[in-house]
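Annotated in TrEMBL:
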ACT_SITE  His177  active site
ACT_SITE  Cys226  active site
DOMAIN    1-90  domain 'CARD'
DOMAIN    99-230  domain 'Caspase family p20'
DOMAIN    260-318  domain 'Caspase family p10'
Amino acid sequence: MEERHREVIQRNYAILVEQCNIEHLLPVLEQKRVFPRQTIDKYMLIDDNLRRKRDVFLDIQTRGPRAFSNLVTSLHETGQYSLAKRLDPTFSFHHTFKKRGSVLVINIIKYHNDLHMERKGAEVDGSNLFDLFTQMGFFVEYHTDLSATKITDVILQFKSSPELVGCDMIFVIVMAHGTINKDVNVSEIIGSDNNVVSTKWIEEQFTNRECKILQNKPKIFMYQMCRGDTPDFGAVQSNIENDSGIRMASASRVMLRSCSDMLIAHSTLPGNVSHRDVYLGTWYISLFCKIMMDHAHDTNLEDIFKLIDYQLSVLRSGKNTMQTSMYTNIGFKTCFVHPGIYLDCNEIRMINEGLTPEVNDNISL
């Protein structure tokens, strides 16, 4: 590695160790032959996550001349765009990737001062979603344990991200403890600092007026969280916790509706809790990943959510509680997330053209 690249890593060492999702980064670094398999295995044996990241970013400075560019590319491929830009502000990825769409995942697992219980098993949901969407050709931006202020910052950055240029659709997926503001009947996400962000505010950032780059593009919002404290009593299963934890027209121009092309999906009904297995993750996200893998190529998105709720209907917690999901269609048209084809200079090509098929064993239900 060149000395100037070592200096860039050293200047950004603290923030790399603090913010990097090393579990997602290591497999890509191995794939690009930055580290051999035995070195990756050595890192994975380290229990202390901060120590693991410190070792990786020290060791990578001793690797070959392409290690730095491969590191930047790997950060970008794993959705860690801000870190990639810190290392190389001139880096561009657009010319090498089929842009199916962009996915923003926010996963709140731990809470300050233990005012809310740790969402054990939530990391499984995060890993499953990342694997699902990256294998479908989506950019995935993944964040964990954000405060309420950080959540709003990330949403605002995402809606103006250059990654949205030319993409087919977006997903915004938030997993956290939640509640409902009964005064205005709006669901609220509880950030890691125990302050809240309104789901309505998030959706308002992507209206046709507020986010022109996504006009006429499908926008899907998914919330895995409780929306109150009431269990839906129903028989059998343990290791389950709760995530309660006017038309104007003009002859001179075409007018768009203020809000359209949105599908807003909630894991549970207003006022009710949402279930999470401490080993397998949440019922809702587990089903979403499994059904998307099986049916995204031949089933439209609304029917995907209907299948999820159908399978939810037979699940029971150890306390004999049940769960009903819901979604709201706001001018949302029929949408197939992964038809398996894309347009390239007006030629129809296969998404996986030129790729070696592989079996994914990482997504569990």
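Cβ atoms are placed via backbone N, Cα and C, with glycine included.
Note on the domain 'Caspase family p10' (260-318): DSSP counts are 25 helix, 11 strand, 23 coil. For His177 (active site), the Cβ neighbour count at a 10 Å cut-off comes to 27, with all displayed protein chains included. Cys226 (active site): 27 other CB atoms within 10 A of its CB, across all protein chains.
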